[in-house]
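Asks: This structure is in structure tokens; I'll ask about it shortly.
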Amino acid sequence: MDKNELVQKAKLAEQAERYDDMAACMKSVTEQGAELSNEERNLLSVAYKNVVGARRSSWRVVSSIEQKTEGAEKKQQMAREYREKIETELRDICNDVLSLLEKFLIPNASQAESKVFYLKMKGDYYRYLAEVAAGDDKKGIVDQSQQAYQEAFEISKKEMQPTHPIRLGLALNFSVFYYEILNSPEKACSLAKTAFDEAIAELDTLSEESYKDSTLIMQLLRDNLTLWTSDTQGDEAEAGEGGEN
């Protein structure tokens, strides 16, 4: 199937909410080796975000059930085995994306904007792996996530306006990484607050086409700050990551 057909099929799959099909189409487009257009890049990102998001959500539910069934050995074993099955799926998806990023997407990125987008994506998918990692593996995975976010963050500060939705989305997710994965609420708050304040100070640089995206992410940054600085330290913190682009 040629590239245009694959892209059309991915759009059709998106409308049908068949994200596994959508991801498979965009994976094939990526493997053809050409740099992706903005539209193709967004289709790839949306597809995998939904595919991995379904597993992350299932994993949380089953993990919670597993913890609640302590003492009921049979039930707990069933929940544990099911959680492990979901984890395997989740890892396979993340490794698929990380392989596309390493082989094609990051090396082919010719603009700072694409480079930041893909490095942020690398940080995100290592973060999803870190959520389910345990033991010796975990530290290496967390380091990979942090390095990708940090590299993206440095490029974005040099090359992009503080109001750019990709720069803001990166700050949002990097701050969630500090809060959730590194358990560093101070660092998470400082990063989110700086990103929010810098964007507010330059609101006049907001371009018309990204106005909606940028203001939505600014709202999420502010919501997270409110949540993180209040005493309620619950896992709702993750909610702040839901509206990134």
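The backbone N, Cα and C atoms fix where each Cβ goes, and this holds for glycine too.
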Asks: Out of Lys68, Lys75, which one does Swiss-Prot list as N6-acetyllysine?
Replies: Lys68
Asks: Hey, which of Ser58, Ser64, Ser110, Ser214 does Swiss-Prot call phosphoserine?
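Replies: According to Swiss-Prot, the phosphoserine annotation belongs to Ser58.
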Asks: Which one of Ser37, Ser207 gets the tag phosphoserine in Swiss-Prot?
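Replies: Annotated as phosphoserine in Swiss-Prot: Ser207.
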Asks: Can you check which of Thr88, Thr163, Thr232 Swiss-Prot annotates as phosphothreonine?
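Replies: Among Thr88, Thr163, Thr232, the one Swiss-Prot marks as phosphothreonine is Thr232.
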Asks: Going by Cα-Cα distance, which of the modified residues (Met1, Lys3, Ser184, Ser207) sits nearest to Ser58 (phosphoserine)?
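Replies: Result for Ser58 (phosphoserine): the nearest of the modified residues is Ser184.
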Asks: Could you say whether, by DSSP, Met1 (N-acetylmethionine) belongs to a helix, a strand or a coil region?
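Replies: Looking at the DSSP assignment, Met1 (N-acetylmethionine) belongs to neither helix nor strand, so coil.
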Asks: Can you figure out which of Met1, Lys3, Lys68, Ser184 (the modified residues) comes closest in space to Arg127 (site 'Interaction with phosphoserine on interacting protein'), comparing Cα atoms?
Replies: Ser184
Asks: Round to the nearest Å and give the CA-to-CA distance linking Arg56 (site 'Interaction with phosphoserine on interacting protein') with Lys68 (N6-acetyllysine).
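Replies: Roughly 19 Å, rounded to the nearest whole number.
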Asks: Select the closest residue to Met1 (N-acetylmethionine) from the following modified residues, measuring between CA atoms: Lys68, Ser184, Ser207, Ser210.
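Replies: Result for Met1 (N-acetylmethionine): the nearest of the modified residues is Ser210.
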